[in-house]
Amino acid sequence: MSFKSIFLTGGVVSSLGKGLTAASLALLLERQDLKVAMLKLDPYLNVDPGTMNPYEHGEVYVTDDGVETDLDLGHYHRFSSVQLSKYSTATSGQIYTKVLTKERNGEFLGSTVQVIPHVTNEIINVIQSCADHHKPDILIVEIGGTIGDIESLPFLEAVRQFRCEHPQDCLSIHMTYVPYLRAAKEIKTKPTQHSVQNLRSIGISPDVILCRSEAPLSTEVKRKISLFCNVPEHAVFNAIDLERSIYEMPLLLAKENISDFLLNKLGFSPKPLDLSDWQDLVEALCDKERQHVRIGLVGKYLEHKDAYKSVFESLFHASVPANCSLELVPIAPESEDLLEQLSQCDGCLIPGGFGTRSWEGKISAARYCRERNIPCFGICLGMQALVVEYARNVLDKPLANSMEINPETPDPVVCMMEGQDSVVKGGTMRLGAYPCRIAPGSLASAAYKTDLVQERHRHRYEVNPSYIERLEEHGLKIAGVCPLGELCEIVEIPNHRWMLGVQFHPEFLSKLAKPHPLFIEFIRAAKAYSLEKANHEHR
C-alpha cells in the first residue's frame with residue numbers, strides 16, 4: 001500500500017475532542033514534511049448535516065467542491081494545510097444509499113445484501129477513494145461517535161478488515177476520558193479499561209491510548225492503563241484539558257512526543273520538530289494585555305456554542321494581526337435590550353442563518369449600526385439584512401423584505417435564485433467555491449488587495465438584480481460580483497466607518513496562521529472605534 005493510515009476512535013464519553021486531536025496530529029505530521037489527508041466517518045443516517053438543526057449538530061462546514069460536512073472538517077482546515085473535498089467525509093446515510101442503489105441496479109447479481117460484506121466493503125472503498133484522490137503519505141481517519149454505539153459497528157468492522165489486510169501500514173489511536181473523583185481524590189482508569197475491552201471485542205487492539213483528563217496523569221496511572229489495556233507504557237499519552245485556547249493542542253501533543261511514536265511505528269524517520277511559530281501565534285492570541293475590543297454577535301443559534309464555530313474562530317484569528325484582545329458578546333435578536341447591548345460593543349457581526357425567527361432583530365441591529373457609525377459585518381443572511389434595512393430606511397421602501405421571510409412582499413429586494421425552488425432541500429443550495437470580482441477603491445479591495453477572489457457559498461437567496469440599480473443610486477456600493485452571472489456578492493454602506501456584507505462565508509477559509517482579510521479589517525475598524533470612544537470619554 002502506498003500510504004499509511006491512522007484510525008482515531010473515541011470511548012467513555014462523547015465530545016472528547018477527537019476532531020481537534022486529528023487536526024493537531026495533521027499539523028505535527030505536516031511539520032515532518034509528510035503529505036496528510038483526512039477523512040471523517042460519521043455514523044448518523046442523515047446523508048449529510050445540511051438539513052440538520054444547528055442546535056443538534058452545530059455548524060455545517062462547506063468545502064470548495066460544495067459538500068456540506070461536519071464541523072470537524074473546519075478544525076482540520078484551521079490547524080493544517082490538508083485539502084478537503086467530497087472524499088474527506090462520509091456518513092452512514094451516504095454509505096447505505098450507495099449500497100441500496102447498487103442493489104437496485106443489479107450490481108450484486110442477486111446476492112443477499114448484508115452489512116458484512118456489502119456495507120463494510122463500501123466503507124473500505126470510501127477510505128481507499130480518499131487516499132487515491134489526495135495521494136497522501138499518511139491518511140488520518142476519524143470515526144465519529146463513541147465505542148459501544150450500535151451505529152458505529154459497521155465502520156469499526158470495516159476498520160478491522162482494513163487493518164487485517166494492511167497490518168504494517170495501519171495504526172489505531174483510541175481516545176478515552178480518565179475521570180478524577182474529587183470526593184475520593186482519585187483518578188479512575190476503569191472506564192478506559194472497559195472502553196478498550198469493547199474495542200478489542202470488535203477485533204481492534206489499539207496501538208496508542210490517548211487519555212483526556214483534567215490533570216496530568218502520573219507514571220503510576222499510565223502504567224496501570226498500560227497493564228490492563230495491553231499497550232506499552234510509552235504508548236499511553238495524556239491530553240489534559242486546555243486552559244487558554246484549543247490551539248494549544250498541537251503544542252501539548254508535541255510535548256508528549258506522540259508524533260515521534262507514530263512515525264516510528266509507521267516506518268518513518270522523525271525529524272526535529274519546530275513549533276516556535278505556532279507557539280508565537282498562540283501566545284499572541286492569548287495575550288489579554290492587548291487593547292480590549294467587544295464584538296456583538298447578533299445570531300439565531302447562539303445558545304449552541306458550535307453553531308457559529310468558524311465565525312467565532314475567524315474573529316479570534318483576526319485579533320492577532322489586529323493586535324487586540326477580543327470579547328465576543330452573544331446578543332439574541334429577540335432581546336428587548338438588543339440596542340442597549342449593541343451600544344456597549346465596538347463592532348457588530350450578523351452571521352448566516354435561515355427562517356423568519358429573529359429576522360426583524362437583525363434588521364434593527366443593522367439600522368442601529370448604520371445610523372451610529374458602528375463597524376458592522378453581515379455574512380450571508382446578515383448581508384441580506386443589511387440590504388433590506390437599507391431599502392426600507394434609505395430607499396423609503398418600508399415594506400421591503402426578503403422573499404424567504406415574506407414571499408408576498410411588494411418590494412422583494414432579496415429573492416430566490418433561479419432554479420432554487422426545489423422541494424428537495426438537501427444539497428440543492430448554491431454550494432462551494434465561486435469567483436468574486438472586487439470593485440476597485442472599495443473596503444473589500446483594501447482588504448483583499450486583489451481584484452479576483454474565490455469564496456465558499458451556502459445559500460438559496462440573492463440580492464434581487466432588479467433592485468440593484470436603485471440601491472446604487474441611493475448610495476449602496478456593490479463591491480463584489482460573481483463573474484458567472486453577475487450575482488451580487490459584496491455590499492458596502494457609504495460614508496460609514498466600516499459596514500460591509502458578503503453573500504459568501506469567509507469564515508470557512510480563515511486559519512490561525514492565515515486569518516481572513518475581511519475579518520482582519522473588521523476587527524481593526526472595531527479596535528479604532530473602541531480607541532476613539534475611549535479618547536472621547538477621557539476628554
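Cβ coordinates are placed from backbone N, Cα and C, and glycine is handled just like the others.
Listed in Swiss-Prot for this protein:
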type	residues	note
ACT_SITE	CYS380	active site, nucleophile
ACT_SITE	HIS505	active site
ACT_SITE	GLU507	active site
BINDING	SER14, ASP149, ILE150, GLU151, LYS188, THR189, LYS190, PRO191, THR192, GLN193, LYS224	CTP binding site
BINDING	SER14, LYS188, THR189, LYS190, PRO191, THR192, GLN193, LYS224	UTP binding site
BINDING	SER15, LEU16, GLY17, LYS18, GLY19, LEU20, ASP72, LEU242	ATP binding site
BINDING	TYR55, GLY353, LEU381, GLY382, MET383, GLN384, GLU404, ARG460	L-glutamine binding site
BINDING	ASP72, GLU142	Mg(2+) binding site
DOMAIN	294-532	domain 'Glutamine amidotransferase type-1'
REGION	1-268	region 'Amidoligase domain'
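Cβ neighbour density within 10 Å is lowest for GLU404 among the recorded positions ASP72, GLU142, GLU404, GLU507.
Between the alpha carbons (Cα) of GLN193 (UTP binding site) and GLU507 (active site) lies a span of roughly 40 Å. In this structure, the C-alpha atom of TYR55 (L-glutamine binding site) lies 15 angstrom from that of SER15 (ATP binding site).
GLU142 (Mg(2+) binding site) falls within a strand when secondary structure is assigned with DSSP.
Cβ neighbours within 10 Å of the residue listed as 'active site, nucleophile', excluding its own Cβ and spanning all shown chains: 23. Look at GLN193 (UTP binding site): DSSP puts it in a helix. The number of other Cβ atoms within 10 Å of the Cβ belonging to THR189 (UTP binding site), over all protein chains shown, comes to 20.
Over all protein chains present, the Cβ of HIS505 (active site) has 23 other Cβ atoms lying within 10 Å.
Comparing GLY353 (L-glutamine binding site) with GLU507 (active site), their Cα atoms are 14 Å apart once rounded. Within the set of binding-site residues LEU16, GLY19, MET383, ARG460, the entry lying nearest in space to THR189 (UTP binding site) is LEU16 (CA atoms).
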